[in-house]
Amino acid sequence: MLSTSDDKKPRPGASSLAGAAEIRARVEVPVRSSDGSWRTAEMISFTGLADGREHIAVVFPSASPVPLVRVHSECLTGDVFGSARCDCGPQLAEGVDQFAEKGGILLYLRQEGRGIGLYNKLDAYRLQDQGLDTFAANRELNFSDDMRDYGVAAQMLAALDVSRIRLRTNNPDKVKQLEEYGIAVEEVIPTGIHLNERNEHYLRVKAEWGGHTIKFAGESI
Ligand SMILES: Nc1nc2c(ncn2[C@@H]2O[C@H](COP(=O)(O)OP(=O)(O)OP(=O)(O)O)[C@@H](O)[C@H]2O)c(=O)[nH]1
Ligand SMILES: [Zn+2]
């Protein structure tokens, strides 16, 4: 688990958050999967989200009463530019591909840099280039290891009338927080392991220090 002092603080308004947001607009958007095929998804905006940020839900039709959900934190470098320093880009593509095929809800949260923002993440990258790992670099910049609060994800799900989910993640803190916010996580499905020669150390630190359930081929981490 993430070992930050924040873990011990009660989440702000944990019991009252879910349900406070409302849908603002639903818009159909053609979305392209990795194989080049197109599916129509609904992009949904909200009012009343606790942190006031422009998070969106990307909803692919599903008949399941317990939808597949991915709570994806924004990573401009990985999601847009395909940076190999992390695994965010392939995780996002994997989510879109799977949901386009099977249905599901992708919550795209504007929590760049685990909540510290893009410029601070780039500062953290500079420190990592000097030898610090991804969490130590945050601490060197006077942030906790992970600043993300998933109350907004619970609010978005509640506004979509979803209270039970199957969650695609390797991050146990996402599961714990969503449950604290009143979402029943009935199944946790790990993402693929998107290893490359630039992100191996990053993934290992997430597994060993961050508690992420990332299993490397032939190892039992
Ligand atoms: N502060 C910081 N943030 C990073 C770094 N690398 C990636 N990120 C951000 O981390 C977030 C993604 O979090 P991850 O820890 O990769 O994965 P996760 O979302 O916790 O877990 P999964 O659900 O399994 O993907 C995105 O917001 C990225 O911008 C880094 O070195 N430092
Ligand atoms: Zn990333």
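Heads up, the Cβ atoms here are built off N, Cα and C, so glycines get one too.
TrEMBL lists R70, V71, H72, S73, E74, E112, G113, R114, T134, T169, K174 as GTP-binding residues, and of the candidates Q91, Q155 the one it assigns to that same site is Q91. The two recorded residues, H72 (GTP binding site) and C86 (Zn(2+) binding site), show a Cα separation of 13 Å. Residues R70, V71, H72, S73, E74, Q91, E112, G113, R114, T134, T169, K174, recorded as binding GTP, reach a greatest CA to CA spacing of 22 Å.
Nearest neighbour of C88 (Zn(2+) binding site) by Cα distance, taken over the recorded positions R70, E74, E112, R148: E74.
Around the Cβ of T169 (GTP binding site), the same chain contributes R70, V71, V175, V188, I189, P190, T191, each under 8 angstroms and 6 or more positions distant in sequence.
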